[in-house]
Amino acid sequence: MKGVISQVMGPVVDVDFNDYLPKINEAIEVFFEVEGKKHKLILEVAAHLGDNRVRTIAMDMSEGLTRGLEAKALGAPISVPVGEKVLGRIFNVVGDLIDEGEGINFDKHWSIHRDPPPFEEQSTKSEIFETGIKVVDLLAPYAKGGKVGLFGGAGVGKTVIIMELIHNVAFKHSGYSVFAGVGERTREGNDLYHEMKESNVLDKVALCYGQMNEPPGARNRIALTGLTMAEYFRDEMGLDVLMFIDNIFRFSQSGAEMSALLGRIPSAVGYQPTLASEMGKFQERITSTKKGSITSVQAVYVPADDLTDPAPATVFAHLDATTVLNRSIAEKGIYPAVDPLDSTSRMLDPQILGADHYKVARGVQAVLQKYKDLQDIIAILGMDELSEEDKLTVDRARKIERFLSQPFFVAEVFTGSPGKYVSLDENIAGFKGILEGKYDHLPEAAFYMVGNIDEALAKAEKLKA
């Protein structure tokens, strides 16, 4: 099972074997020294070149590797720790702890390359995954075991929404979450860890990081590492798990780098020829089974804001819902800055939600759309030139806009107001009341940063006083 390194080209390493040929995706271990420090490097077999030579992708920096070093085939793919012991810890792509905490003996390891659940084991029920976030549950609800795309520029609140979802899943559904940091900034990973620690959600989440400074192999496979941990919670413990991927674009980007290094002919815009099949293979593993579910929230970076770029376009094909964050909403001080007209969900269907929820959601969107259409007139002529009916629409739209804001548990530190979880029934009842004109007499300010409608009424009383 021992071989010898015959060529090193950055993250691509060729290994020669005598009487053994490792399978594709098998892990190979190399020990070497750099300036007196010992290093262990894991390689993953990507191609067979003939004559018992394999081409592999390095899962860590390959500086210091030399030809002639001994490499040992491990006889199996990369396997990572799974089970409740992984909660509250940070792992790298090969399942090593990187949080400088105390070591643990993990009793269970699973391979990161797994088949999706067989067709007959998958669940076909369409159920809503209640998040407790008003704007999401009302207008673009998440499917249990579905995939959600989270779109937004820098600094509009993607990470805060992710943390709030982790919090709500932990405290309301007593479920676990897995966070895979795929090719993002190390600083963000560090901040997320400390923010989670401060907001007491760390012991309900496993973190897997393969950051921007790492070679493409690590950035690509880290998504599989996180998914494997989530699959264990679903299949062996029967839980509904939340899986966060930040950022799914980097998964495709690192795949393109690996493909070029392996000498494959690129396809459109320089991406790998296997872009769609790699993405499909990954996304098919994220699903509901009869035992449990994995609901995934995937942050999507859109290169140069071009939605037709092959990487984001391939992701769209798999999404059940999109949550779009808008800077202009954040600038108004309305958080979460979710765009109620741009966010979509296949769950927004009377067959799934029931007539009442569907009617209220569509009513809210209609009022907000009308307000958007009237904004030019208001800017030029002012409110006084509008008809009485339009004035009422604008008044209700502004209340709805403010009522879509909500204080978050994980943001209590900055906002000073206690977080609120709003159940679906309270959520629908509140917006239904606004649409029916029950609260036309209340001031706009009463609806800002409150949970359910009772809190808005209480706030209105306070404002009167």
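Glycine residues also receive a Cβ, built from the backbone N, Cα and C atoms like all the rest.
Residues or ranges marked as ATP binding site in Swiss-Prot (evidence: sequence analysis): GLY152, GLY153, ALA154, GLY155, VAL156, GLY157, LYS158, THR159. Under the three-state DSSP scheme, THR159 (ATP binding site) falls in the helix class. Other Cβ atoms within 10 Å of the Cβ of THR159 (ATP binding site), summed over all protein chains shown, number 20.
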Listed binding-site residues (GLY152, GLY155), ranked by Cβ neighbours within 10 Å, top entry:
GLY152
Residues close to ATP site centre defined by GLY152, GLY153, ALA154, GLY155, VAL156, GLY157, LYS158, THR159, Cβ within 8 Å:
LEU325, ALA330
Same-chain residues at least 6 apart in sequence whose Cβ lies under 8 Å from GLY157 (ATP binding site):
LEU325, ALA330, TYR335, PRO336, ALA337
Which entry in the list of binding-site residues, ALA154, VAL156, has its Cβ near the fewest other Cβ atoms, using 10 Å as the limit?
ALA154
Does anything in the same chain, at least 6 positions from LYS158 (ATP binding site), have a Cβ under 8 Å from its Cβ, and if so what?
LEU150, GLY152, ASP246, ALA299, LEU325
Listed in sequence order, residues with CB under 8 A of GLY153 (ATP binding site) and six or more positions away:
LEU325, ARG327
